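All remarks here apply to the structure that follows.
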Amino acid sequence: MVNPMVIGYIGSAAAIIGFGSNYVPVKKYPVGNGLSYAFILSIGGLCVAFIAMMIHGTFVFSPIGILGGSLWAMANLLIIPIIKLVGLGLGVLLWSSIGIVVGFFSGKFGWLGLEKQIVTHDWMNWLGFVGIVISIFCFFFIKPSLEDDNNNKNVVDRFKNKKGGYIDPMDNEEFPILRGSVNSDGPIKFNKYNNNNNNGDELETSTETIFDKIPTKFKKVAGISMSIICGVLLGVNMIPMQLWKQNHQEASPFDIIFSQFAGVFLFNAFTFMFYAMIKKSPQIYPKTVFPSFISGVMWGIANCGLMISTQNLGYTVGYPISCSGPMIISSLWSVFYFHEIKGTKNLLILCGSFLFLISGIILLAFSSF
């Protein structure tokens, strides 16, 4: 029989890789305001939950699990705006760190009905928390480079033909992964560009989004504010499941996993349907559907890994490892692939942030031993 500790670390590895990479498949595809992306992502996650439920052989459908999934879905709707405003690396660093802090206080003080967690070395517990707070403060000084996203606002001009009309850059082989999205204020038909007359005087849609309209000097403030809200929601989204487990001591996290994932799906489904009824021309990009589904599958596997890790390694070990590791992975993507974080100053700040963050996580993890 496999050692539970080994299973726990395998779960942590799945969570770290999955959470740190699950937004990469859609990073260079147009997602508009993110509503259709979130809906398709939830379908991918629900498929993973269904498979996990079948493997585990149990099924529990609890309203409290639906609540937890809905809290996560609310946070997820903020992900696309955050990535557009401050980049993938900095965004994940912020909301993940804040989520860890919120989770720390929730367990430390027994917020929202949770049982207070008593640790062996309280001083180490608090010192670890301070290390995380310092790392979050350091993240504010990182200035990601998002020139590629800003340049996409004018990309449509490169597709203007001699007759004044426009062709769809999504269909052009030169730009197979165009990041620009459609103006949410105008009607759209699968991101097609149409002119209202033969002279091409007016364009029905553009690649500009509401996020592109935010003045540059306010983008970072808006992105950081959304990251804080997102982090809080992520930090409390597992509390409903923990409350359920307090009343079912012998239960496995997999017993309620389908309810948690169903909450994510139902919230996104209702949100997207409401948006479609109000907007009447929702932003749907055919080429983004499959990457969104893959993103959802990766998230679903990562979330299952988090549950396995927490169950086998404990909340003070499995949870910090699984929630801090993705920040490193996402930053590596941001530095080496997307080139959002570059420059000696930014890289030094990033390394310093990691030093405090990793030290804090280690102290938190070992404070109960």
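Sequential numbering from 1, following the chain as shown.
Yeah, the Cβs are placed from backbone N, Cα and C, and that goes for glycine too.
Proximity of distant same-chain residues to the transmembrane segment (6-26), defined by a Cβ-Cβ separation under 8 Å and at least 6 residues beyond the stretch ends, is recorded for 37, 79, 83, 88, 92, 96, 288, 291-292, 294-296, 298-299, 301-309, 311-313, 317-318, 321-323, 325-330, 332-333, 337. According to Swiss-Prot, the feature transmembrane segment maps to 6-26 (among others).
Sequence-distant neighbours of the transmembrane segment (35-55) (same chain, 6+ residues past either end, Cβ-Cβ under 8 Å): 26, 73, 76-77, 80, 254, 257-258, 260-262, 264-265, 267-269, 271-272, 275, 282-285, 288-289, 292-301, 303-304. Residues or ranges marked as transmembrane segment in Swiss-Prot: 35-55 (among others).
Within its own chain, the transmembrane segment (63-83) is flanked in space by residues 23, 27, 31, 33-35, 37-38, 41-42, 91, 94-95, 211, 222-223, 226-227, 229-231, 233-234, 236-241, 243-244, 256, 258-268, 271, which lie at least six positions past its ends and keep a Cβ under 8 Å from the stretch. The feature transmembrane segment is assigned by Swiss-Prot to 63-83 (among others), with sequence analysis given as support.
Sequence annotations record features per position, and here Swiss-Prot assigns transmembrane segment to 85-105 (among others) based on sequence analysis.
Within its own chain, the transmembrane segment (122-142) is flanked in space by residues 89-90, 93-94, 97-98, 100-101, 104, 108, 224, 341, 346, 349-350, 352-357, 359-368, which lie at least six positions past its ends and keep a Cβ under 8 Å from the stretch. For 122-142 (among others), the entry in Swiss-Prot reads transmembrane segment.
Per Swiss-Prot, transmembrane segment is recorded for 221-241 (among others). Sequence-distant contacts of the transmembrane segment (221-241), counting only residues of its own chain at least 6 positions beyond either end whose CB sits under 8 Å from a CB of the stretch, comprise 64-65, 67-69, 71-72, 74-75, 78-79, 81-82, 84-86, 90-91, 94-103, 106, 111-114, 140, 214, 253, 256, 260.
Sequence-distant contacts of the transmembrane segment (256-276) (same chain, six or more residues past either end, CB-CB distance under 8 Å): 35-36, 38-39, 41-43, 45-46, 48-50, 52-53, 56, 59-70, 72-74, 76-77, 241, 244-245, 282, 300, 303-304, 307. Residues or ranges marked as transmembrane segment in Swiss-Prot: 256-276 (among others).
Within its own chain, the transmembrane segment (288-308) has Cβ neighbours under 8 Å at 7-8, 10-19, 21-26, 29-31, 36-37, 40-49, 52, 253-254, 257, 260-261, 318-319, 322-323, 326, counting only residues six or more beyond its boundaries. The transmembrane segment annotation in Swiss-Prot covers 288-308 (among others), and the record cites sequence analysis as its basis.
Taken from Swiss-Prot, the feature transmembrane segment applies to 318-338 (among others). Distant neighbours of the transmembrane segment (318-338): 8, 11-12, 15-21, 23-24, 27, 87-90, 92-93, 96-97, 99-100, 103, 144, 302, 305-306, 309-312, 347, 350, 354, 357-358, 361, 364-365; these residues of the same chain sit at least 6 beyond its ends, with a Cβ under 8 Å from one of its Cβ atoms.
The annotation transmembrane segment is assigned in Swiss-Prot to 347-367 (among others) on the grounds of sequence analysis.
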